[in-house]
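Chemist: Among the features that TrEMBL reports, repeat 'TPR 1' is placed at 35-68. Positions annotated as repeat 'TPR' by TrEMBL: 35-68, 72-105. What TrEMBL lists as repeat 'TPR 2' is 72-105. As annotated by TrEMBL, repeat 'TPR 3' applies to 120-153.
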Amino acid sequence: MPRSRMNGNFIDKTFSIVANILLRIIPTTSGEKEAFTYYRDGMSAQSEGNYAEALQNYYEAMRLEIDPYDRSFILYNIGLIHTSNGEHTKALEYYFRALERNPFLPQAFNNMAVICHYRGEQAIRQGDSAIAEAWFDQAAQYWKQAIALTPDNYIEAHNWLKITRRFE
């Protein structure tokens, strides 16, 4: 049974009802409708922590979806799962792929910065300050891009950039 037909909480049910109505009234192909169904089921599984199921749905949505903008969000969500699983290299790859299709995803830039910052902190713990600085510089570049897209967001990143004198 598709996830969209399973019992969920009120918000999930409401989202499913609205999404089904939109799918009926918006002129889309059957492939686009099927891709959206897989994407929606992926989001639902992801929100419940069922990452393997979410990935299966996202990969199927990617197979069917042709619109680069829509594909960017699927790729972004795959990146989120890999981030949650600690697979940072894979996550970065998916964030890059999402940004290739949609360069206006500040959340992808932010997540890439967070990964780079984390790697910088790991390098400090290992006593490699040169590598740490390189990771921090890369994090700064990504946070600057995220902030440029959404100036009122990422306040902590903005403050970190100022404190570390990387904001220019």
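A Cβ is built for glycine as well, from the same backbone N, Cα and C atoms used for every other residue.
Keep in mind that what you see is a predicted model, and the values were worked out from it rather than measured.
How buried are the listed features, and what sits near them?
Modeler: In the predicted model, the repeat 'TPR 1' (35-68) shows an average pLDDT of 95.
Cβ atoms under 8 Å from those of the repeat 'TPR 2' (72-105) belong to residues 39, 42-43, 46, 51, 54-55, 58-59, 61-62, 65, 111-112, 115, 118-119, 149 of the same chain, restricted to positions at least 6 beyond its ends.
Counting residue by residue with DSSP, the repeat 'TPR 3' (120-153) contains 27 helix, 0 strand, 7 coil.
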Chemist: DSSP helix, strand and coil counts for the repeat 'TPR 2' (72-105)?
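Modeler: Residue counts for the repeat 'TPR 2' (72-105) by secondary structure: 27 helix, 0 strand, 7 coil.
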